[in-house]
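Listed features, source TrEMBL:
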BINDING   257-261, 298-305, 396-398  FAD binding site
COMPBIAS  482-497  compositional bias 'Basic and acidic residues'
DOMAIN    5-143  domain 'Photolyase/cryptochrome alpha/beta'
REGION    482-506  region 'Disordered'
SITE      W329  site 'Electron transfer via tryptophanyl radical'
SITE      W383  site 'Electron transfer via tryptophanyl radical'
SITE      W406  site 'Electron transfer via tryptophanyl radical'
Amino acid sequence: MASGSSSLMWFRKGLRIHDNPALEYAARGSDYLYPVFVIDPHYMEPDPNAFSSGSRRAGLNRIRFLLESLVDLDLNLQKLGSRLLVLNGEPSEVLFRCLKEWNIKKLCFEFDTEPYYQALDNKVKKYATAAGIEIFSPVSHTLFNPADIIQKNGGRPPLSYQSFVKLAGEPSWASSPISTELTSLPPVGSVGSCPISEVPTIENLGYEDTEEDDRTPFKGGESEALRRMRESIANKEWVANFEKPKGDPSSLVKPATTVLSPYLKFGCLSSRYFYQCIQEVQRNVKRHTFPPVSLLGQLLWRDFFYTVAFGTPNFDQMKENRICKQIPWKNDDDLLRAWRDARTGFPWIDAIMIQLQKWGWMHHLARHCVACFLTRGDLFVHWEKGRDVFERLLIDSDWSINNANWLWLSCSSFFYQYNRIYSPISFGKKYDPNGNFIRHFLPILKVVDHDLASKECKQILYEAYQLNKRLNGKVSEEDLKSLGRKPEEDKKQEQKSKRLKQTLLS
């Protein structure tokens, strides 16, 4: 047991040294500092039954990205006279043991809005408080504290981007310099009998590694995040003119966006530091784009989605989610698998899905296309099913943003113009006229007639919207089933009429 004052810094996201208030506070006035990361079986244990290699919740690309980020964090801590202590097991049990054995006086960790971490953190806080341990859990993963925005809005999250931006205003920290460098950290004290390990490899965790060709080209870690950000903002004209949703989703050699989303997801890059760097560029150019389309606007979108997700119970499902339209989606696993495994027969859609499997990333417009195709565009499969595939395969999969995007793209919330559909044919031709992107990945075989399928999807959505309106959102299972049955009955009726016509004509 270490004598003197000891602090524990519990890393989960926020895998960085720069702009890390929890780490700074943990170091302040401490004789010993224990930087801890817990390998949580909930996220990391191999699942042999999953459709792709990885755990129950994450594909191998994201697990590898996390491990690379931890290796980089360990190296950066070593430069400051510290190191990362990796432990395995259910996080609260592991922490209780460490807090006791190392005689911790101060426990620091970044605030997390996800339901899983909210429950876990409450458990840990309860234990620490009872043991008389000081807790410091600052908001530093987002630009704003979602709870503050919700409070300003009378206890409910704002449901439009414009109202969010208006309520949020300028972040309180925006005009003061953010701490980007630590010069040293207190040493790690004695670890006693706690089973500390190095950052594990993919193989240590029980996975077989994949071929280079099937891995994401994006490497994890704070060092890579800062390098990539500096490279992006060095092109001042590009930053000033950035305009989403423009950009080329078929761009391969150099993606048409910053690809900073996975680094923001794991907190290898501070969104607050990125915000200040963009502001600096904007101050030094004659003109620039503005939110919602500017680069700064993208960070505000991220915060908007975090705030709505934090303030909406059951945000990740259709049922009992007060901001989600009740729609009779199909739970058709054959159609889902055809989409997931790149077997729709639409080369543009299939190529994007293979890019997702191999890279764990695709351009936002590509995401829009395949999400629309699975849900309201063609297959009418439940958005929750598509969300699960993205959640598993994306290296930047983020609980709040992934759910928000699927709600949006399926016209279940935020966006309701369900007649506006991404064509799986013409949209691809617009960006990939020579088929270079498609040839780089791969096509196979059609599962639907797009014109017919999208017409049916629009009709069911129209009827579902009418029903939601008539019943004030209180739609029962039976109501949804009857809506879902109607197109099938219409189809049978149509076939019956055709047969009758043929009989009469013959």
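For all residues, glycine too, the Cβ spot is worked out from N, Cα and C.
TrEMBL entries are annotated by machine, without manual review.
Feature map: annotations from TrEMBL on the structure.
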| residue | record | contacts (Cβ under 8 Å, 6+ apart) |
| --- | --- | --- |
| T257 | FAD binding site | G247, H363, H364 |
| V259 | FAD binding site | F218, R228, W361 |
| S261 | FAD binding site | W361, D396, D398 |
| L299 | FAD binding site | L143, S271, F274, Y275, I278 |
| W301 | FAD binding site | Y161, P292 |
| D303 | FAD binding site | T142, L143, F144, P146, F164, A168, S271 |
| F305 | FAD binding site | S400, I401, A404, N405 |
| W329 | site 'Electron transfer via tryptophanyl radical' | M318, T375, F380, V381, H382, W383, S410 |
| S397 | FAD binding site | A58, R62, K265, F390, E391 |
By DSSP assignment, list the helix, strand and coil residue numbers for the domain 'Photolyase/cryptochrome alpha/beta' (5-143), in that order.
57 helix, 30 strand, 52 coil
Residues satisfying Cβ distance under 8 Å from W406 (site 'Electron transfer via tryptophanyl radical'), sequence separation of at least 6:
A371, T375, W383, E384, G386, R387, F390, S412
What number of additional C-beta atoms lies within 10 angstroms of the C-beta atom of W383 (site 'Electron transfer via tryptophanyl radical')?
26
